[in-house]
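Here is what TrEMBL says about this protein:
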TRANSMEM  396-417  transmembrane segment
TRANSMEM  438-459  transmembrane segment
TRANSMEM  479-502  transmembrane segment
TRANSMEM  514-531  transmembrane segment
TRANSMEM  537-556  transmembrane segment
TRANSMEM  576-593  transmembrane segment
TRANSMEM  605-623  transmembrane segment
């Protein structure tokens, strides 16, 4: 019997290229089918590129013929990746299979080494004007013959490939079982892979209903030496299709994704990712679809943050492989090898629950790790619980313990309330004009630096839920360094009170002034130690511009005292401070209504009442100095000296 496949496509000039395949098989292997369709342009190019993609996954190529399609399948050695290429009947000008009907449970017709076929098809380029390709398999033969005929000088290239022992590959059909589907163009994925190194083996996708975070690492996992951690956040609007029914985290190898994108680049195909959850039950499917062909990469995956799943790697796909026990289809020197396995052995292998076997193997490995006290990923995260403190903060001074900050605040209180007043009691006030001007310039530069990088990171933060990133990516480290700089600036702010004391302006050291200054130092230390990013971004966004305006005004008044009597400018500074507190109340208050946000809920519970209290204090000052006093009357105490955020 014979399987014949023919495809014609126009080339330059008057040449017509024909792609025909003849697969002689035994009577009980393939059904009799005949299908004729129109032209299918670039058939040989598609087949050649498909074999290249399949060769990146496995070494053995299964060829399967069905009434509606011809399929090529391969598995990697660990059986964690299955690549499939389905050429639909519409792909061919002529799709013809002669022979009786074949049961669906034995679909594989033959198996070859993919490397040998790869070398054969590398030379079949369109510009060579290939006339036909014939594949012949004679009954009782252990080889398959490829004949490539070119129109130029009637050149015929013939190559014989030896067959491997025929097997039946059974793989579950995962189509229609995915709750989550995303799809984007090939250029989108190319731009995404540029951010990752060629040495990266895995990719982790944290997927929610509104965005996807792609990382080349797992949070909490040990850092690999000589490697760069990368992370990119993608909004749902950047995808062609983004349908997420349930948020999840999924980790899978990058190798099949790279192979799929390389294939999609040639034919400008969209690449789809279909999955349910990160885990062993339903693998991830990388899909590339065309009206005449379809390529699938079925990839075993896992969720590194789920309980009971190991982070050491993915498990095998639930596949079954049975040798074809038909002596008519085997060469004489190989048919005796089938006697090594009895029928009971084949039945036991076919009925084995490989998923349960993998689970037992992983449980055994976990038990060995516990015995040897080797920390796994979940154990390093304290049994799956999120670590409260920020381990990266230990790289900065003053962050290992709160004692230095407590001593700074204590000595600051002693100096401005006791030591300085006693020392300055019988002495004239110090003239600190140049020192204060230099100090104000430093404050402007520091707050301008914070505001500049906050502006650059405007697309890196979700305004509705700025979750904390404890990774070593560029922006995660940058947010931590900005938070630490904000903390150092708050310590510098304590010099405002020191200058008041040395200039004998003790009346300006009010409760509002001292409470706000030492409170911001404490909050700054806590922000670096336990947060170091996320929604704390908005504190700098609100506070840095207000400080730039405030210290610019201080610089003007220290240069010329007449600017201190500009009433509208002082009123504007107080209004900016009140707007700052109201903005932070709104930003942090909406976190109470975000049940799916992982930002610590304790922060808004403390931060919202704190800002309400500050609005009360600053509002009381504003009312007494700008509303109750007569119009045009200058307050006895200048706000530029009394208030400093």
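One-based numbering along the chain as shown.
Glycine too: its Cβ is placed from the backbone N, Cα and C atoms.
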Most Cβ pairs under 8 Å with the transmembrane segment (396-417), selected from 438-459, 514-531, 537-556, 576-593, 605-623: 514-531
Folded-back contacts onto the transmembrane segment (605-623), same chain, C-beta under 8 angstroms, at least six residues removed: 512, 515-516, 519, 571, 574-575, 577-578, 581-582, 584-585, 588-589, 639, 642-643
Annotated stretches the transmembrane segment (514-531) and the transmembrane segment (576-593) touching (3 or more Cβ pairs under 8 Å): no
For the transmembrane segment (576-593), sequence-distant contacts whose Cβ falls under 8 Å of one of its Cβ atoms, 6 or more beyond its ends: 463-465, 535, 538-539, 542-543, 545-546, 549, 599, 601, 603-604, 607-608, 611-612, 614-615, 618-619, 622, 643, 645
Spatial neighbours of the transmembrane segment (479-502) far in sequence, C-beta under 8 Å, 6+ residues away: 390, 392-393, 396, 399, 408, 412, 415-416, 420-421, 424, 429-430, 432, 435-436, 439, 442-443, 446-447, 449-450, 453-454, 457, 469, 508-509, 513-514, 517-518, 520-521, 523-525, 527-528, 531-534, 536-537, 539-540, 543, 547, 641, 644-645
